[in-house]
Amino acid sequence: MSEATSRPLRIAVIGTNYLGANTAAGMAEFGFDVIGVEIDEHRLKLLNDGKAPLYEPGLDPLLKKHVDSGRLRFTKDYREIGDWADVYFICVGTPQLEGSEAADLAQVNSVVDMLAPLLTKPTLVVGRSTVPVGTSKKVESRFHAEAPAGTGVEIAWQPEFLREAHGVDDTLHPDRLVFGVQSGAAEARLREVFATPISEGSPVVVCNLPTAELVKGGANAFLATKISFINALAEMADASGADVTQLADALGYDKRIGRGALNAGPGYGGGCLPKDLRAFMHRAGELGVEEVITLLREVDDINQRRRAGIVDLTHEMLGGDWVGKNVTVLGAAFKAGTDDVRDSPALDVAGRIQLHGANVTVYDPEAMENARRVRPTLRYAPTALEASRDAHAVLHLTEWPEFRELDPATLRGFVNNPVVIDARLNLNADAWRAAGWIYRAPGKP
Ligand SMILES: NC(=O)c1ccc[n+]([C@@H]2O[C@H](COP(=O)([O-])OP(=O)(O)OC[C@H]3O[C@@H](n4cnc5c(N)ncnc54)[C@H](O)[C@@H]3O)[C@@H](O)[C@H]2O)c1
Ligand SMILES: O=c1ccn([C@@H]2O[C@H](COP(=O)(O)OP(=O)(O)O[C@H]3O[C@H](CO)[C@@H](O)[C@H](O)[C@H]3O)[C@@H](O)[C@H]2O)c(=O)[nH]1
């Protein structure tokens, strides 16, 4: 309830794809009145029908429940939220700028363009998008200059750490809440908004704006570093006959290290880690902090080498010849549990192999539509078995449970050449070998 009016808080969520759809549904679940603002007509229609614009387990029922109850609705018309909300959350995209490593802040700026002229009364605007440190102060200057309410518009930054495929749970039960605020009133308002997870034990870090911005970039840079670290150890394992999965298990039992983000594989992808790492390096450069760039440049390079390494291994397993070879790629999403193909290692590897001249056929349980859109020249098959017909090599690049459940003996009957490259290191090697496959997994003996 809003203290002033004893009505439920009114929350506007601007930009409602991965981050914003979860945020809007989560805010409705917390008991608030929510309007989501989305400029993409297709997503807007889906959302108003109570459907997520993306594959995210558990999100559809949550959206449907609150759209049907009238607590949650979506619009493209900013006039519906002008002076309406107690809190405005900015959840638009901050992709990598074309031709640069910097973050593209055009969507954030477009929100200010459209929202600022509509704010005539004091209010709180909270950024949740991932931005380079220093952005929130620039956003604040623009609101103060362009909103009729002037300095009555207060800015806070509250980075979000949700993982795709766990978006609903991470939104409702966050590991931690980071409130980058400039006043006790803003902190109190955010504590009111997040009263439910706080009451359930989510810790809160209250800090200034640059700290909040840095926490998010720092968290993703650290996760990327951990993944590249274990991938570098996978190369050591290959060179020495060790098993990188057992190595990760043993390292992970040390509480100071932890097992998270220690799965070796084709490297990290997605709409966050790759571009956030690069934006972090770019901003470090602008701030003159060269050691951050030196450290993280190698993290990015190791990540790229994983993809190249899988292509090289495929070439080797095909006998050094691409021409006339059929390669099956199992997986298109950047990880299991999502239909997101942004910077997906699976599609990148598929595209590189196709460029070398092999015939590549891709199958993914959820990401086929998105994959076809971004890589229309690849072949696609409706099942894993169909994708494997006449294959000279099968590549396991996204760790969907359905691939682990494949029967290697059945699949053996579909292929030309029983070679499987388990880039995700989670197929049952013994079962595949027993069925007559040549099984290779980078980092495992
Ligand atoms: N994807 C994640 O899991 C995740 C998690 C935490 C943080 N983030 C960060 O959150 C932000 C959003 O990520 P995303 O993956 O949801 O991005 P996205 O690009 O998938 O979605 C952004 C949405 O905003 C809409 N939009 C753009 N400009 C708009 C405007 N002016 N008004 C209204 N809507 C507008 C777009 O149409 C799109 O639907 C990014 O900064 C990202 O780094 C993402
Ligand atoms: O041990 C691991 C863990 C992940 N990955 C890969 O790393 C990438 C990112 O995975 P994950 O972190 O699970 O996915 P995202 O949904 O992109 O989430 C990250 O990016 C979000 C957007 O910033 C943050 O909110 C999250 O906290 C952060 O985990 C994917 O390609 C994974 O396959 C590995 O290779 N090994």
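Just so it is clear, glycine is given a Cβ too, placed from its N, Cα and C backbone atoms.
TrEMBL labels come from automatic prediction, so no person has curated them.
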One of Lys76, Lys325, Lys335 listed by TrEMBL as binding substrate at the site of Phe161, Leu162, Arg163, Glu164, Lys216, Gly269: Lys335
TrEMBL NAD(+) site partner of Arg43, Thr130, Glu164, Lys275, Arg342, selected from Thr75, Thr94, Thr377, Thr383: Thr94
Integer Å distance between the CA atoms belonging to Lys335 (substrate binding site) and Glu164 (NAD(+) binding site): 9
Those binding-site residues in Arg43, Phe161, Lys275, Lys335 whose CB falls under 6 A of ligand 2, listed in sequence order: Phe161, Lys335
Leu162, Gly269, Lys335 screened against Lys275 (NAD(+) binding site), Cα within 10 Å - retained binding-site residues: Gly269
Sparsest-packed of the listed binding-site residues (Arg43, Arg163, Lys275) - C-beta count within 10 angstroms: Arg163
By Cα-Cα distance, the member of recorded positions Phe161, Cys272, Lys335 nearest Thr94 (NAD(+) binding site): Cys272
